[in-house]
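As recorded in TrEMBL, the features of this protein are as follows:
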| type | residues | note |
| --- | --- | --- |
| BINDING | His54, Arg94, Tyr158 | substrate binding site |
| DOMAIN | 46-160 | domain 'Transthyretin/hydroxyisourate hydrolase' |
Amino acid sequence: MDDCDLPPSGGRVRRWLNWSGEFWEVNEVAEAEKRQFTLEQIMAAAESSPLTTHVLNTSDGVPAAKMALTLHRLDSKLMIWNMLSVGTTNKDGRCPGLISREAFAPGMYKLRFETGLYWESLGQTSFYPYVEVVFSITDPEQRFHLPLLMSRFSYSTYRGS
């Protein structure tokens, strides 16, 4: 399922236990209806996000589509990572709308890319099961771009523009 695809009408109800043992139930159709946005809204969210990423599969020379990733911020008092968002790269290897300007604050962040699952989906193995890029934000008014260039046996990242 691409990052903008929605479950079909008549979706099922999912049930699970959360970490504290509470029982949760979500009607996928109701949740999907809440997530229906226009292309203009999606593009506006992508442009307004102060943090962007772009993942490139350098082995094949293509964007890394359908790669799962998560964004976390470090709670400096408890020294634990709090998950802020979950996403999947689109066909261009980008994941728009990672975080809103309002939620972006000074601190330590971690962007985790599920590289092993990506390569596995292509029928290949990878030396790196995941890549975590940890970075510090001192001025949240700036824009930050974190590209990931990767193959099955290497990766590189930098602060882009």
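In case you wondered, yes, glycine gets a Cβ from its N, Cα and C as well.
Nobody curates TrEMBL annotations by hand; they come from automatic prediction.
Distribution of TrEMBL features across the structure.
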residue	record	DSSP class
His54	substrate binding site	strand
Arg94	substrate binding site	strand
Tyr158	substrate binding site	coil
Near the Cβ of Arg94 (substrate binding site), how many other Cβ atoms are there if near means within 10 Å? 19
Restricting to the record's substrate-binding residues (His54, Arg94, Tyr158), give me the longest CA-CA distance in Å as a whole number. 15
Can you tell which of His54, Tyr158 has the most other C-beta atoms within 10 Å, given these are the binding-site residues? His54
